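Heads up: the structure comes next, in structure tokens.
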Amino acid sequence: MPELPEVETSCRGISPHLIGRTIIRSRVSQPQLRWPISNEIIQFDSVKIESVSRRAKYILIKLDFGWIIIHLGMSGSLRILPIDTPTQKHDHIDLLLDSGFILRYTDPRRFGAWLFTDSLANHPLMSHLGPEPLSDEFNSSYVIGLIKKLQSRTTPSSLVIKPWLMDNKVVVGVGNIYACESLFEANIHPSRKVISLDEKEINILVHTIKTVLMRSIKEGGTTLRDFTQSDGKPGYFAQRLFVYGRKNETCRICGHMIEQIKQSQRTTFFCSICQK
Ligand SMILES: [Zn+2]
């Protein structure tokens, strides 16, 4: 599944080909993704692209009269291709650009989304999002403030750190892989109660989340296939992980066996020696 670093890399990959261009029209072969593709997108006719950005795991294309919100779902990918590139089975949307190229969306499992809105701020997908993990707004005082609020409630504290980090209202874009990896690198056990973390641990954790994500974005930028290639494979990058997906393999730090548990329906990987 594309996580924040892949979405950021996709965004950076397609941006230079889109900004300032005009979408002549769209070509939609499968209008039913996670939700139906917005009619405005299906009916595009000479639309100017002003900018491309990312918010959480959404790619936002700003047009002269609104926004396209793209989510890559479980298996979506975006490529820039020559306009006459034949479509294959899982290619669902082409935006035809005045440059002679297309932006093509491919998504075998069709859990992605292509929606149009004229107001981003009020859009239900955007309105309850927490801060970006790489922004200055996501810092230890912010996290300490949230935890203080939890402590002042009457039922403070069944909240567990790993699912809490994956809550978009706390911070956006920390998916399962990066929650597991960040907690490992911060030496924090994934089952710790949120309110049990001390200030030093929060400082380390916030710093680690940023470092792990930035490292991955950097690796993505160097290992990801060129966005203008047409080999049809999505460019998700494999990377060197410490715990995620490594059940029963040995910890790269202490040599102990990596363990696996379920938390809020998601699989968590951790090392019980390194993480306390
Ligand atoms: Zn270990």
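Residue 1 is the first one shown; counting continues down the chain.
Cβ atoms here come from the backbone N, Cα and C positions, even for glycine.
According to TrEMBL, the protein carries these features:
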ACT_SITE  PRO2  active site, schiff-base intermediate with DNA
ACT_SITE  GLU3  active site, proton donor
ACT_SITE  LYS57  active site, proton donor
ACT_SITE  ARG266  active site, proton donor
BINDING   HIS90, ARG109  DNA binding site
DOMAIN    2-112  domain 'Formamidopyrimidine-DNA glycosylase catalytic'
DOMAIN    242-276  domain 'FPG-type'
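Of all Cβ atoms in the protein chains displayed, 13 besides its own lie within 10 Å of the Cβ of ARG109 (DNA binding site). Mean pLDDT across the domain 'Formamidopyrimidine-DNA glycosylase catalytic' (2-112) comes to 95 in this model. Checking each of the recorded positions LYS57, HIS90, ARG109, ARG266 against PRO2 (active site, schiff-base intermediate with DNA) by C-alpha distance, the shortest gap belongs to LYS57. Within 10 Å of LYS57 (active site, proton donor), counting CA to CA, the recorded positions GLU3, HIS90, ARG266 contribute GLU3. With helix defined as DSSP H, G or I and strand as E or B, the domain 'FPG-type' (242-276) counts 0 helix, 12 strand, 23 coil. Checked against ARG266 (active site, proton donor), the recorded positions GLU3, HIS90, ARG109 differ in C-alpha distance, with GLU3 being the nearest. In this structure the C-alpha atoms belonging to GLU3 (active site, proton donor) and ARG109 (DNA binding site) are separated by 16 Å.
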